[in-house]
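A.B. asks: First the structure, then my questions, so here it is.
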Amino acid sequence: IDECEIVPDACKGGMKCVNHYGGYLCLPRTAQIIVNEREEAAAESTSGRNNVIRRTPADPQRAPPNPTHQIQCAAGYEQSDHNVCQDIDECATGTHNCRADQVCVNLRGSFSCQCPPGYQKRGEQCVDIDECTLPPYCHHRCVNTPGSYYCQCNAGFQLASNNHTCVDINECDANNPCAQQCYNILGSFICQCNPGFELSSDRINCEDTDECRTSSYLCQYQCVNEPGKFSCVCPEGYQVVGGRTCQDINECETTNECREDEICWNYHGGFRCYPRNPCQEPYVLTSENRCLCPVSNAICRELPYSVVYKYMSIRSDRTVPSDIFQIQATSIYPNTINTFRIKSGNENGEFYLRQTSAVSAMLVLVKSLSGPREHIVDLEMLTVNSLNYRTSSVLRLTIIVGPYAF
């Protein structure tokens, strides 16, 4: 029997095992073995290589061993063709008595019935080991299976290459689910929208924000919604300033369409052409906007001595009361008394003339006016001297009310 093969760890302390007839030897690893077929084995320590040298002396008297000699083998062993006891592999020959749910493991001279991986013995049976009840194998969730287990990750995570750890899924890189902007967070993601858009109820898509609907103060005149933004527009006669405010266009400076005998007067939202010579018989023009009635003409004795033409523009729906125009005497004479009145153009009582000094008065708007509209108001100044001589002058004020409050 070769004990060096069947005896586990036969020699200790770094010794080497050498099989010998009927036993074995533990020798230093530096020993050289010389085996004599006739004499007993001798050993001597050398510093050379480990060799086994067999010497067969020329002895014709020695008879060869009997090949027909039968040997007795221990249980679990059987005689081989070379007359040596060798282990019987019960697992291979099927002579074991392991259960169907067990695994046969061959041993020297015997066998063992073991449970497959993932199972443990309970009595004679193999029962599944619930790895999920043991110290945590899985980062997030453990799922037990017959003889094994596997790990699962929470939503937003995926298994790492070790099949145990869970790592965050960057949804923004993998498959951007957001319609516009995507921000990855641990285990999930957040969608955001570009300026001018807002998240829809699904928290994924973006819907245009109707800024015009959210506020009525974005634009001075009219708001126009556009994808992701808005713009302001102004009515005819105005231009957008600063993106939101409407500013009157002075057509008299840009596209003056009046004739040469006309003057162009710009007002809020438009313009009008008035004659350069507004005087009518018997008045004659003395300056650009002043007409006089000659005293030599008898008709002039019953008419105002002078008529001055003035133009002004106001916005629609102006707050009231509001001072809008001041009238003042151009010539001041001693020992005279001046009084002021609205001679015509105030049939509906929109105006009031308040005297502010001996030579001036203020026209006050007392009723709000809506445009577009034109009012012609005659403001008269009566002058009386100490000799009871009376004279008057008229300021014909044309008030153009724009169509809007800007």
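Every residue, even glycine, has its Cβ placed from backbone N, Cα and C.
So TrEMBL has the following annotated:
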- 40-67: region 'Disordered' (REGION)
- 87-127: domain 'EGF-like' (DOMAIN)
- 128-167: domain 'EGF-like' (DOMAIN)
- Cys132-Cys142: disulfide bond (DISULFID)
- 168-207: domain 'EGF-like' (DOMAIN)
- Cys172-Cys182: disulfide bond (DISULFID)
- 208-247: domain 'EGF-like' (DOMAIN)
A.B. asks: Need one number: mean pLDDT over the domain 'EGF-like' (168-207).
C.D. replies: 94
A.B. asks: In the domain 'EGF-like' (87-127), how many residues does DSSP call helix, how many strand, and how many coil?
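C.D. replies: Across the domain 'EGF-like' (87-127), the residues distribute as 4 helix, 18 strand, 19 coil.
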A.B. asks: Where Cys172 (disulfide bond) and Cys142 (disulfide bond) are concerned, what is their Cα separation in Å, rounded?
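C.D. replies: Spelling it out, the Cα of Cys172 (disulfide bond) and the Cα of Cys142 (disulfide bond) are 28 Å apart.
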A.B. asks: What does the structure give for the C-alpha distance between Cys142 (disulfide bond) and Cys182 (disulfide bond)? Integer Å is fine.
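C.D. replies: Counting only the Cα atoms, the answer is 31 Å.
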A.B. asks: What's the CA-CA gap between Cys182 (disulfide bond) and Cys132 (disulfide bond) in angstrom, rounded?
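C.D. replies: Cα-Cα distance, Cys182 (disulfide bond) to Cys132 (disulfide bond): 36 Å.
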A.B. asks: Same chain only, sequence gap of 6 or more: which residues have a CB within under 8 Å of the CB of Cys132 (disulfide bond)?
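C.D. replies: Long-range Cβ contacts: Cys138, Cys142, Val143, Asn144, Tyr149.
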A.B. asks: Counting across all protein chains shown, how many other Cβ atoms sit within 10 Å of the Cβ of Cys182 (disulfide bond)?
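C.D. replies: Taking every protein chain into account, the count is 18.
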A.B. asks: How many of the residues that make up the domain 'EGF-like' (208-247) does DSSP mark as helix, as strand and as coil?
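C.D. replies: Here the numbers are 4 helix, 18 strand, 18 coil.
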A.B. asks: What are the helix, strand and coil residue counts for the domain 'EGF-like' (168-207) according to DSSP?
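C.D. replies: Going through the domain 'EGF-like' (168-207) residue by residue, I get 4 helix, 16 strand, 20 coil.
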